[in-house]
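Features of the protein shown, as given by TrEMBL:
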DOMAIN    14-216  domain 'YjeF N-terminal'
BINDING   62-66, 130-136, 159, 261, 322, 368, 435  (6S)-NADPHX binding site
BINDING   63, 126, 162  K(+) binding site
DOMAIN    226-493  domain 'YjeF C-terminal'
BINDING   405, 406, 407, 408, 409, 434  AMP binding site
C-alpha cells in the first residue's frame, strides 16, 4: 500500500479534492471508483492472502459502488465472493449502478441481507456508507452493523468504517469495528478523534493515482506528526558536543508521598537528551530520588524562596508531576509563572492554573481530558465529544502550545494547523505516563528553540517508545518501561 500522507482532511475537503480531480484534472468519476476498487482488492489480498471466502456488504451510494468493483476483481481471481446489498439495487444511480451492472455482467450475484448471510465469510468488506453519512442510522441499519461486528471475521472498511462520522469520530448509533480501513484520496479527521480509534483498526491509504501535488489543491485541517520531523529537530550531535550544550531542565514537583512522579519526569528528560536535569521536590524525597537515579540532581525545597535561584539557572522548567494542590504546590507554581522561561505545565499545576487562569506564549500545557475540562470549566465528556475544538479553546484562553492527551493526542499552537499523533496504544493508559511525557517534552525543549516543535516531537517520541515497550503486551505496561526505548526514539538518524 502507499505511505500515509501527513495531511488530514474533513469530509468536505476530500469531496472538494474529488471534484477537483473530476472537473479540473479531467479524470472520469468511474475511473476513480475503479481505482478505489483495485486498491481495495490489493489491500484485501495483501492483508489476508490465504482467505478464500470473502463477503462484500454494499450500501446505496458510491461506497457501495467501490464494493461492487472490488467484488468483480476478486471474483476474477477465483475467490469465493458473496455480495450482500443493504439497499434496493434497482434504486442505484450513476457510478454505483454502473459498478453493480458490471459486476452482474461478469457473472456476479447480489443477494439481499438475510440472517446468517455472512456466516461462512472469512473476511468481510464494509462498503456500506462513505464520508457522506451525517445522520443517525435507523434501527434496522444499526442491527445489521452490529451483526457484522458480531460475526467474528476481520473487516476491511472502504474509506471509513460505516456509521462513523468522518469529521468528529462520533458514532451514528452503531459503527463497523474494522481491522483495516482503506482511506481514499485523503485521511479523515474522524479516524483520530472521538470514537474513531476504536473503529478504524490499522489505517491504509491510496491516492487513486491522482497526479503529484493534486492533494495540495485543498489545504488540510490537520497534520500527522512523523518521524522525519523528529530527525530534523534532533539531528546527530557533533563529535565535540558536551552536556553544557544540551540544555538544562528543572523539574518541579513531588509533594509529600508523590516522589515517583517527579522522579519519572526527571529521568524522562535525561532519556530525551537533556544535558542536566535537576528535580526540585519536597525535602523528604531527596534521598529516594537520588538513590534510584543518581544521574539526577535533586534539591529539597520548602518554599518559593528556595526555588528562585534554581529557576534562574535552568533553561527549561517542567512543573506539575506530583506537585499536589497544597499551599506548597501553589507557592511553587506562582513563582514558576513569574519566569519567562520555556515551561511545561502538567498535572496538578494545571488544576491550580484552572483556578487562577493566566496566559503565556512560552509554555506548553499538557492536559488529559479531565484536566482540559477543568481548564475550560466543562465536563470531560464535553471535551471528548469535540477534542479538536477543546484544544483550540484552551490555546486561545491560555496561549502557548496545548497538548491534549489521549488516543490521537492533539498538539495545538495558536491559529496554526493542529497536529495529530497516530501512534501509541491503550497500554499507555497507566499511572505515570503523563509524568514521563512531561519530562520528554521538557528534555527535547532544552535542546531546541522551537517550543511547539518540542511538544510535537515529544508526543511522538513518547508514543513510539510506548509502542516499542508494548511489544510484550499492552496490559501491564508501566511508565518506566518506556525508559529503555526513549534513547532509540530521540536518535532517529542513528537507527539505520
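Positions of Cβ are set from backbone N, Cα and C atoms, glycine also.
TrEMBL feature annotations superimposed on the structure.
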residue: 62; record: (6S)-NADPHX binding site; Cβ within 10 Å: 24
residue: 63; record: K(+) binding site; Cβ within 10 Å: 26
residue: 126; record: K(+) binding site; Cβ within 10 Å: 29
residue: 131; record: (6S)-NADPHX binding site; Cβ within 10 Å: 27
residue: 159; record: (6S)-NADPHX binding site; Cβ within 10 Å: 27
residue: 405; record: AMP binding site; Cβ within 10 Å: 24
residue: 407; record: AMP binding site; Cβ within 10 Å: 21
residue: 408; record: AMP binding site; Cβ within 10 Å: 22
residue: 409; record: AMP binding site; Cβ within 10 Å: 27
residue: 434; record: AMP binding site; Cβ within 10 Å: 25
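For the recorded K(+) site, residues 63, 126, 162 set the reference point as the centre of their Cβ atoms, and the other residues of that chain within 8 Å of it by Cβ are 57, 59, 64, 67, 127, 128, 129, 130, 157, 158, 159, 160, 161, 176.
Nearest to residue 134 ((6S)-NADPHX binding site) in space, judged by Cα atoms and limited to the binding-site residues 63, 126, 405, 407, 409, is 63.
Each of the binding-site residues 65, 134, 162, 368, 406 was scored by other CB atoms within 10 A of its CB, and the lowest score goes to 134. Residues 368, 404, 410, 421, 424 surround the recorded AMP site, their Cβ atoms falling within 8 Å of the Cβ centroid of 405, 406, 407, 408, 409, 434, which are themselves excluded. The binding-site residues close to residue 409 (AMP binding site), defined as a CA atom within 10 A of its CA, are 368 out of 62, 131, 368. You'll find the Cα of residue 62 ((6S)-NADPHX binding site) roughly 12 Å from the Cα of residue 126 (K(+) binding site). Mapped onto three states, the DSSP output places residue 126 (K(+) binding site) in strand. Separating the Cα atoms of residue 162 (K(+) binding site) and residue 368 ((6S)-NADPHX binding site) is a whole-number distance of 29 Å. In this structure, residue 408 (AMP binding site) belongs to neither helix nor strand by DSSP; it is coil.
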